[in-house]
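According to TrEMBL, the protein has these features:
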type	residues	note
ACT_SITE	195	active site
ACT_SITE	300	active site
BINDING	80, 104, 109	substrate binding site
COMPBIAS	7-20	compositional bias 'Low complexity'
REGION	1-22	region 'Disordered'
Ligand SMILES: O=P(O)(O)OC[C@H]1O[C@H](O)[C@H](O)[C@@H](O)[C@@H]1O
């Protein structure tokens, strides 16, 4: 028999057993963080786009985000799905404005971000004091700086800035926060938006609530202004609405009579509700399968009805907390 004096004791005391830790996988194009309880998030460095977020009570975690089967993930165009980050302009830029030369939705979703690292935390949930199960969370930080822009992009938007985007995963929530710092000598104006594509069962039985009484611009109806009369926004055709200066902080996505997601805005006054529906979905080269518009809805928290003004040396922070109710 082989003598193995250094073999660790098989009956080590429980207290010294290693605690399960957050797993981080980095394949040089994306970062995936997995909690010991199985929830996970993947962030593509291209655009710092969240491309997957899985959670749920059982061992089999469920995908919360919709990503097109034809989404382009190689950095040559923005990702059709997940959470693309829109900065410093939402939509087509206005004429005669500092953003006029930028592409639709700006440059942040088109550039490779830097992974800055992770921080983890643990909290003990209720139960007997100190002995309940442990809840882990992990925060992934990503950075984009004016120096990361091409010369052409720097000419198109000639400001010095630093962006830090923090994606925090905990048991049933995903928080995404953007910190914007003006590092230059000139003040600038920007818009930002978190273009979240939620995966849903069926658009026909889905409603968006929490927008009652809010004024919106209907981009499908020639940018006309309306007030949201009903509590539930239902989608039965192409929908593209900018809900502005919303007093309530939470917007919910309800499937049938069951709440499915809560979107809690932090320092973001507006929300865009978008579904391309049948014809527009079929016309988009990177939207697949064509019929999947029934399985997605975009509820996009942002600062888009106005501009955020940032003077030299100042910082601004805003974002969202998504809760998956499974
Ligand atoms: O095709 P994209 O540039 O990704 O934009 C997709 C959509 O984004 C937002 O929801 C806008 O309100 C829509 O007008 C736009 O069509």
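The first residue you see is number 1, and the count goes up from there.
Cβ coordinates are placed from backbone N, Cα and C, and glycine is handled just like the others.
Each residue contributes its Cα atom, and for residue 195 (active site) and residue 300 (active site) those atoms are 5 Å apart.
Of the chain residues outside the substrate site list 80, 104, 109, 77, 78, 79, 84, 86, 105, 110, 195 have their Cβ within 8 Å of the site's Cβ mean position.
In this structure the C-alpha atoms belonging to residue 109 (substrate binding site) and residue 300 (active site) are separated by 14 Å. Contact annotation for binding-site residues (80, 104, 109) versus ligand 1: 104, each with CB under 6 Å from a ligand atom. DSSP assigns residue 195 (active site) to coil in the three-state reduction, placing it in neither a helix nor a strand. The secondary structure of residue 104 (substrate binding site), as reduced to three states from DSSP, is coil rather than helix or strand. Close to residue 300 (active site) in the fold, though at least 6 residues off in sequence, lie 86, 193, 194, 195, 196, 271, 272, 273, 274, each with a CB less than 8 Å from its CB.
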